[in-house]
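Report on the structure given below.
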Amino acid sequence: MHAPSKSAPPSQQASQAASATRPVRGALASLSLAMLLPALGTSIANVGLPGMASALHASFQDVQWIVLAYLLAITALIVSVGRLGDIVGRRHLLLAGIVLFALASALCALAPTLWLLVAARALQGLGAAAMMALTMAFVGSTVPKAQTGSAMGLLGTMSAVGTTLGPALGGLLIARFGWQAIFLVNVPLAGLALLLAWRYLPADPRGAAAKRPVFDHRGTVLLALTLAAYALAMTLGRGDFGVRNAALLLAACIGGALFLCVERKAPAPLIHLPMLRAPVLGAGLAASMLVSTVMMSTLVVGPFYLARGLGLGAAATGMVLAAGPLVAAFCGVPSGWLVDRYGAQRMGGAGLCGAAGACLALALLPASLGIAGYAAPIMLLTASYALFQAANNTAVMGDIAAEQRGLVSGMLNLSRNLGLVTGASMMGAVFAAGASNIASAPPAAMIRGMHATFGVASALILAALAIFLLSRVFGKRRSPGGDRA
């Protein structure tokens, strides 16, 4: 990309500048769509579960696998797909992921039985994993370093838009065209993402195949099985942790130990374990998981507290719950600008402080404040989360070698997914313990459960803040230049 010539007339300089920024905008448009589609694929399916259960003659328990298969595929494979992109070429793999996502979406719509639909959703999840793992990895090669935070904020906005848009769009499509439409809508959107990516994303570096690292197949299989076992342990039983969950959690622990042993001896490991000792990377992954665990609390606790604690109807509850995702969607790009302007470390700390204040307010404020007493802290929490995510992603991805960007991007997305999965189980259990019996608990018990949940959430955010600040101290000791403070 060439800078405008200083000797050229002003009109020619403006034309050159516009042509220079066009590929960046095109690349960001393709990456934005590639980030929106996986989030849309998650949120849009939930609203169609009743219709699919009826059409496919499936039970409530069985139809949950339509959602679970998609999430399991993403969680289990996102790190491996990111690493594979580093080896074979991120552009090729992202294009393949978009194509697979589109084809799997069509197969979902055409599936005549539940289990064929579940299999197609798993394939769709694999395509989504490729898109999620590689979009952030492309930021470093398509966007000037001074605008990295803005790009990360934009990607965060698109993910929030996909999450927010899914239920409303899904409801409209099902009412007009049937449940198949919630999958078919992905096909033209994926086609547009494919065209933009083909046109604007930079080509993969040309290199001899002999120089490429060997893909760690054993490590990939072990990590995928370990993550799948952990995710199932956290999700099966819908909060009731029984023998099956304990067995899966034990299997995940054994798988994790075997994975570490294999990675230490592998000539080209999937994850180079010493890299996790880097303060910014290790702390960024840990803080991301803790904060995502807290964010899941709003989805687990919110509906019960609003409906049974405050006595709101379904429509009012839905409107209050929509406030958080809407704030996140609007705050993504401004958050990225703040990160570019004031530095990732400073803004990451500010985001965590804001989140801690919001959680403390939710844990302490009386229910007599009504809707405002819940909605205002939730809006602060989601805005703070958007700021933290933009800052943390920028800090973690900023100093990563080009040949490891796909891997680290996958690890960042994995930390978020694991936090969401853990939050659904752990924070749900805290809420249930505080509220005694959710099915018949009076409003006062719901309020106690909400206060207990966000009391724990406050402790998790403060732990994330401590990790974040300690990483800054150790990072400065290792590299005095550091991030702009």
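Cβ from N, Cα, C; glycine included.
What TrEMBL records for this protein:
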DOMAIN    27-475  domain 'Major facilitator superfamily (MFS) profile'
TRANSMEM  65-81  transmembrane segment
TRANSMEM  93-116  transmembrane segment
TRANSMEM  152-175  transmembrane segment
TRANSMEM  181-198  transmembrane segment
TRANSMEM  219-237  transmembrane segment
TRANSMEM  243-262  transmembrane segment
TRANSMEM  283-306  transmembrane segment
TRANSMEM  312-335  transmembrane segment
TRANSMEM  347-365  transmembrane segment
TRANSMEM  371-388  transmembrane segment
TRANSMEM  418-439  transmembrane segment
TRANSMEM  451-470  transmembrane segment
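A contact between the transmembrane segment (181-198) and the transmembrane segment (93-116) is present, since 3 or more of their C-beta pairs, 6 or more residues apart, lie under 8 Å. Taking pairs at least six residues apart, the transmembrane segment (283-306) and the transmembrane segment (371-388) share three or more Cβ pairs below 8 Å and count as touching. Each of 65-81, 243-262, 312-335, 347-365 was scored by its Cβ pairs under 8 Å to the transmembrane segment (152-175), and the highest score goes to 312-335. Between the transmembrane segment (451-470) and the transmembrane segment (347-365), three or more CB pairs separated by 6 or more residues in sequence fall under 8 Å, so the two stretches touch. The stretch in closest packing with the transmembrane segment (418-439), judged by the count of Cβ pairs under 8 Å and taken from 65-81, 243-262, 312-335, 347-365, is 65-81.
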